[in-house]
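Enquirer: Quick one: structure below, then a few questions.
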Amino acid sequence: MDRASQRTQILANHLLQSSPPSPLSSNACLSYSPPELSENYAFDVKEMRRIIDGHNVEERDWLFGLMRQSKLFNPKEKGGKVFVSPDYNQSMEQQREMTWKRIEYLLERGVFKGWLTEKGEAVEMWKFAGFEVSSIYDHSLFTKLGVHFFLWGGAIKFLGSKHHHEKWLMDSENYLIKGCFAMTELGHGSNVRGVETVTTYDSNTGEFVINTPCESAQKYWIGGAANHATHTVVFSQLHINGTNQGVHAFIVQIRDADGNICPNVRIADCGHKIGLNGVDNGRIWFDNVRVPRENLLNSVADVSPDGKYLSSIENPDQRFAAFMAPLTVGRVNIACTAVYQSKVALAIAIRYALTRRAFSLKPNEPEVLLLDYPSHQRRLIPLVAKIYAMSFAANYLKMLYVKRTPQSNKTIHIVSSSFKATFTWNNMQILQECREACGGQGLKTENRVGHLKGEYDVQSTFEGDNNILMQQVSKALFAEYVAAQKRNKAFKGLGLEHMNKPCPVIPSQLTSSTLRCSQFLVDALCLRERDLLNRFIADVSKCKAEGESTQQAFLMCYQLAEDLGRAFSDRAIFQTFIEAEATLPAGSLKDVLGTLRSLYALICLEDVSYVRYGYLSVENGASVRREITKICSELRPHALALVTSFGIPDAFLSPIAFNWIEANSWSSD
């Protein structure tokens, strides 16, 4: 028998012989079981939602309903459920057009009624709620609305006078006028004082002449400019009789009613971006564009018909600060919507982790749910605690803004800067962790979490670069310290009253009960803020004593400034959690919030600064970590209830939050 025939015979014998019994039994196919069947709610999720949303719950649900009803919001059936989400496979041009059609749809249904023409707490809080809901659907929709209502409309409201309000606000609210906000330039972003656009006044005609003198002065990243905006507020240096009076704001028409670009205005597209492609960002050049004298937004300063500069604010720094007022509400809005985007990601990742299994601990046993692994709990549950804390802080920030007075403007600026940086950084951290926690499913655009990283990355830099905002916070705390010392008076405001008390002392041994004590946690957060502020003062003073200017001293102490900014933010956020918790009656809902409150503060104590600056010993740092793990285990049974309390309708989540097996079946494609 040749070798080929021999091998053929051996193979035939092998295939035809009966197989021995296998020691391994085959597993049944995986099946999906809704987490609601096995997870119990220990508290009222509707009441919890009312507490963390804080306002306009019914109006939010109405707006969610409007979006679900229309094909404009791209409803698609997957796994037996209908989900609404933009089609990110569309071209940039198609995404922009869909964003505009969605705005028209909401406009026709009265969503924006009163948003620019009515005053009072009720309409302002509804506007914030409306933006939060729109951001849950699509960041492009949120941003396009924000530019029009908060930036364009806000500039007219805050910087304009009565005649500006009467002429522009109603038509803007009804979108007869489509506004944008031309502040950022190619060469100047955060440094608004340095913008290079120049405006002069022609007293012979009673007109301002606006000019882009060089390429770096082109207005850049102007949302709405590339396609739809008809008007813009231009921030420009105002030169009167050869003297630069600083940055001022002017209303300029850039397109006519038919969409044609106006004479002496040039507009180009910023092009495709890593996200936010439903917003038509553009670049604008002004070639000696003439506008009427009345188009200067003159609540801060004015120019008389014969060309005299007039302002009740003599100090140029104070005048500039007044012109920056419209940016504050933008920061408030961005901070709050970052919290809601984190809620979307966590709701998806937690629900997936309650139904997806991986690995058996023993042979022939079922695989373990992802969220039953301590490591998975440690990844996600602390982030849930963060979002609860930041929800209370966001509600505090909104009320601080809505109830603003001239005396509170400085506080609003500092708190909004701090929270905007903290919340948006946190959002990017949560989106990344949730993407990874969802494994490969997190990469699919339809599952939202991974794609949203690109959509929301911009929040770290627009309306103020986060690092610069944190430096502003530290400078403001520095100024408060110096002022208190000069007056020889107690600290008052910004939550710094704890500086008037004896310095807290952290016990050498930290027990579980101590680590969960709200007073201890407050003391620990205040201790870090107090010490870092003292260190910052000392280091800046040392640099100045060595001959450095104040500004250079600040720059040289940037690391302390960043640590101080974070310490201020963590303490301020925790304080809002304590205050919200204190309003609740005893019961299961308050109990679980108390546990979340402890977890949030312990996450803050886990920050490297506590060991770096010696507030915690290495042993105490280890005790904090152990307690965090313990609390995560305690909160595991509440995980579904905690994310259900976010109140996000199923249609605004994604297929992996529900029956991900059916959603990926052959018949679903």
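Just so it is clear, glycine is given a Cβ too, placed from its N, Cα and C backbone atoms.
From TrEMBL, for reference:
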DOMAIN    180-289  domain 'Acyl-CoA oxidase/dehydrogenase middle'
BINDING   Thr184, Gly223  FAD binding site
DOMAIN    327-477  domain 'Acyl-CoA oxidase C-alpha1'
ACT_SITE  Glu463  active site, proton acceptor
DOMAIN    520-653  domain 'Acyl-CoA oxidase C-terminal'
Enquirer: With a 10 Å radius around each C-beta, find which of these recorded positions (Thr184, Gly223, Glu463) has the fewest other C-beta atoms nearby.
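Expert: Minimum Cβ neighbour count within 10 Å, taken over the recorded positions Thr184, Gly223, Glu463, occurs at Thr184.
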Enquirer: DSSP-wise, what's the residue breakdown of the domain 'Acyl-CoA oxidase/dehydrogenase middle' (180-289) into helix, strand and coil?
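Expert: The breakdown for the domain 'Acyl-CoA oxidase/dehydrogenase middle' (180-289) reads 6 helix, 54 strand, 50 coil.
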Enquirer: Let's see if you can do this one: DSSP helix, strand and coil counts over the domain 'Acyl-CoA oxidase C-terminal' (520-653), in that order.
Expert: 110 helix, 0 strand, 24 coil
Enquirer: Compute the C-alpha separation of Thr184 (FAD binding site) from Glu463 (active site, proton acceptor), stating it in Å without decimals.
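Expert: Here the two Cα atoms are 10 Å apart.
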